[in-house]
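According to Swiss-Prot, the protein has these features:
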- CYS2: active site, nucleophile (ACT_SITE)
- LYS603: active site, for Fru-6P isomerization activity (ACT_SITE)
- 2-218: domain 'Glutamine amidotransferase type-2' (DOMAIN)
- 284-423: domain 'SIS 1' (DOMAIN)
- 456-598: domain 'SIS 2' (DOMAIN)
Amino acid sequence: MCGICGIVGHQPASPIAFEALRRLEYRGYDSAGIATLTASGDIERRRAAGKLDNLEHVLKEHPLPGTTGIGHTRWATHGAPTENNAHPHEAGRVAIVHNGIIENFAELKKELEAKGRVFRTETDSETVAHLVDDYLGQGLEPREAAFAAIKRLEGAYAIAMIFKDHEGLLIGARHGAPLAVGYGNGEMFLGSDSIALAPMARKMTYLEDGDWCELTPDHVTIFDMTGAEVSRPVQDLTFMAGQVGKDGYRHYMEKELHEHPVAIGQTLKRITDPASKRIALPEMPFDPAQVPRITITACGSAYYAGMVGRYWLESLARIPVEIDVASEMRYREPPQPDKGVALLISQSGETADTLGVLRSLKKAGQSIVSVLNVEHSTMGRESDLVLGMDAGPEISVASTKAFTAQLSVLAALAIDFARARGTMDQAREERLTASLLDLPSRAAEVFTRTKDIQAMAAVVAQARDVLYLGRGICTPIAFEGALKLKEISYIHAEAYAAGELKHGPISLIDQTVPVVAIAPSTILFDKTLSNLQEAKARGGRILAFTDAEGAKRLEGVAEQVVIMPDVDAFVAPILYAIPVQMLAYEVALLKGTDVDQPRNLAKSVTVE
């Protein structure tokens, strides 16, 4: 959600911090700010509500000097998105930036106000600055004051601090929110993730929960919550800064939509053997044949990927699967079987609710398998096995290529489990694997249908409400389509299994409601067709994604059809996800919304 950065070195800190904040825009924000130490040792800061362009204007009018600094993009949780509530927050001799929620801030604030401290914002984060400054006032040095303060914080936080009269010193801390150290040449950095650090550093360390660190231009010292010095792995950054550019596209989302074929292909390359047409996943830390049940949990689009994964695992591997959104699973505490497996899905590997479920299921004795795009994330480090995607950085808030990469991994996992459990022979495995390996070329074909999708978008863009329908394994793709439309076009959309139409949603259908159908000509096509005829009879405008055979049978029913490449029904959900995402993008263009940074949304939801 919020993005933070810190710089300590010998170059001007403000421009570096600003560019880091640019790269953190994808996380979602509503205000931003930077603070630096001047040559005289004073703290100066600049803040602005709204987009980074507003902060850039302020910085041009009033530049910030100094080689030590911190920056922040804020996604409001406590207090309105105003300049006054924007970070960095300053109290006496310290300035801080914070990502997370301080759950005991009210108690700490009351204590500090009793000492005469005056709070100037509505945020929980300002409490951290006052608490650190209070300890500085008691004679503690910055490192000691920071440690004393963070030991009293409850909740989730990633924090960076600078101190008056201490140029060349930067302190960071994390608990429940991501923070990484970047190593430069005579300079050190803090950042919410590797994307923030990529241009400045080529090596990095992810801090672990409870870690805090002291950075100078030439040295990094990491401590745990006992105050003991600890060592954490140093790793190369996995991508270069150029990978997060738009490369001539209008939006990151447009670029990432066009990267579907590559993301699918690179992901499959890691987990298949093209020569033998067989799946080649890493060795499992358990015997798949002995697993009594799989529990899948995720949030947002990753949850819909999990829904498709459930279909595959149940039908191919004949294994019971439970699935729930992480925010519910975390507090539901269902009984878990011995030798059970928890399958968690996350693009970032930092999703707060999913991470909470991971820890509770691990405590319950479940083996943890995570499907991640960022393998060295917190979830990756805490999992028993990581099935990594290779989708590359995804910057637009609305997930696109990561979704199809997740589906590709889940399809391979289902085949792997089926082989191990004896529910699939080699011939069928080879056929299904071949259909997966054919996907990148089929995905590339989808973009030749752009004009048809744009024509469909012209209808959807005029609507206030849109209904998405799917059947069987394509039902989750209807949910994905409705979510994308809501996220980036701000048009209300709902998705249903087509068979549920008569159980309520049909009462909403009239000539103002487009009905978007995900309808490949599988064995369930006849039933979907019947439901679409019912919707058309009530005045609904039928828009369909189908194949050539389906298009013939939809003549006279569908107003518009996007004819998809013919593929095996097994991989249809992966392929059909692409045009429903493209439809949302084209509608958003017509509506003139902020495609990459839709209002109120954040890319990486690192707080509950």
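Including glycine, each Cβ sits where the backbone N, Cα and C put it.
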Can you tell me the mean pLDDT for the domain 'SIS 1' (284-423)?
94
Using DSSP, how many residues of the domain 'SIS 1' (284-423) fall into helix, strand and coil, respectively?
64 helix, 26 strand, 50 coil
Summarise the domain 'SIS 2' (456-598) as counts of helix, strand and coil residues per DSSP.
75 helix, 27 strand, 41 coil
